[in-house]
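Record features (Swiss-Prot):
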- 1-83: region 'Domain I, interacts with DnaA modulators' (REGION)
- 83-115: region 'Domain II' (REGION)
- 116-333: region 'Domain III, AAA+ region' (REGION)
- G160, G162, K163, S164: ATP binding site (BINDING)
- 334-454: region 'Domain IV, binds dsDNA' (REGION)
Amino acid sequence: MMTDSMRLVWEKAKEAIRSQVPDQGYLMWIDPLRVVKAAADSVVLGCPNPLAKKWLMDHYRGLLESAMQQAAQRPLKVLLEVAECVAEAPETPEEAPQQLCLPAFADIPRPSSGRLLNRDFTFDSFVVGDCNDFAYSAALSVASKRSKLHAPLYLLAQTGLGKSHLSQAVGRQVMQESPEERVFYITAEDFTNEMIGALNTGTISSFKEKYRRNCDTLILEDVHFLSGKNRTQDELAFTLDSLMETNKRLVFTSAYLPSEIPKMHDSMRSRLNAGVISSLEAPDFRMRMRILQRKANSAKIALPMDVAEFMASELTGDIRHLESGIKGLAARNSIMGRGIDLKMAREVVGNIVRNRKALTLGVITKMVCKYYRVTEEDLRSRSRKQAIARPRQVAMYLGRRYTDQSLQAIGRTFNRYHATALHAVGVVERHIRENGDMREPVLFLCGKIEAGEF
């Protein structure tokens, strides 16, 4: 039967997933899932409860679909429903449960090299306002087939303000308008690791050919990771020269201006400065209102005007705080069956901003030490053991995200340089993006901070 064969596919997919998520996360969220329904182009995975379903939707949606499609070797829609008792089910679903990924696999543009693009990051879904309209227009111009803008685009913004959204929107637009063009979407760390691998295996000529001759659009995230990477900077500089000479599209993202990135060669810095540098600022009140309404529509909840105004007034940080607010409302609305009103909004916002002013780097350090069972002296030591280095990196990341401390100040707190703190932030951000083994501890600590539990 179709369901039986799909169960074999699911077992194969689980093996692939297991290698990409921490053991604790796999046992808690992935292993309990069962195939309950299947059709030729879709599969329904049963979750034990609504909380598990919501967590999977928020954290593992892309990984589940990608693994199933690779295991089945065909386009598949992956759907979730709560099914405490898994029994034999009809092959064709009688009622469509909540869909995990809307378009079929074949309809998802895939870069020629590098990472998959987020399906939600399109120009249409980007909320435009005074804080980002130039960046939006510049990105749209770069992506257009009729663009006269041949200079590189450098998107500058702090975490959570939309630079990755725009960079990936460029990639999606290019692939949709010009499927024959080769789009490479990678991080600076990916480029570094690939280059090191090529050097170690004696394939550096193929590596150079790939990026200099077989690339039409290069989207390079987190260029600040290049700090102190002399060999990588040299190789990338030659690559950029080759691409710019042939008017290829170049998009860079960073939280820092080229002039602010330490240990960067002048030659590399000049190439990054050669294009259009466009910043994305924090949204103002009207912009936050629009974002909240857009997020509420996506979450399929009705957001009363007084609730939207209250949340827009209180959640003045990055856009992720607004997303957290909408998710909090949606969860309470769904699980508790309560209507969305100001009382609920105050509860949700309170969990996000409670005691924010009291949060210091010292408090964060104590939280991290308690979680990882290390001492503050350990974090300030010169030890590079993973059991010490990982917690230190997490503390630096949380300090950068939740306090107004500079990278220099954060580095000094742990007896490290500015560049080391910058590297730590980049490492943790990568683990969060890629479901690395630091992801769940970091998200847990973020949740504690945003709930005021520190």
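Every residue gets a Cβ built from N, Cα and C, even glycine.
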Query = To test your reading of the ATP site: which residues beyond G160, G162, K163, S164, same chain only, put their Cβ within 8 Å of the Cβ centroid of those residues?
reply = L155, A157, T159, L161, H165, L166, T253, L280, I319
Query = Looking at the binding-site residues G160, G162, which sits with the largest number of other Cβ atoms within 10 Å of its Cβ?
reply = G162
Ask   = Looking only at K163, S164, the binding-site residues on record, which one has the least crowded Cβ, with the fewest other Cβ atoms within 10 Å?
value = S164
Collapsed DSSP category at G160 (ATP binding site) = coil
Note = Across the region 'Domain IV, binds dsDNA' (334-454), DSSP labelling yields 86 helix, 0 strand, 35 coil
Message = Quick check on the region 'Domain I, interacts with DnaA modulators' (1-83): DSSP residue counts for helix, strand, coil, in that order please.
response = 47 helix, 18 strand, 18 coil
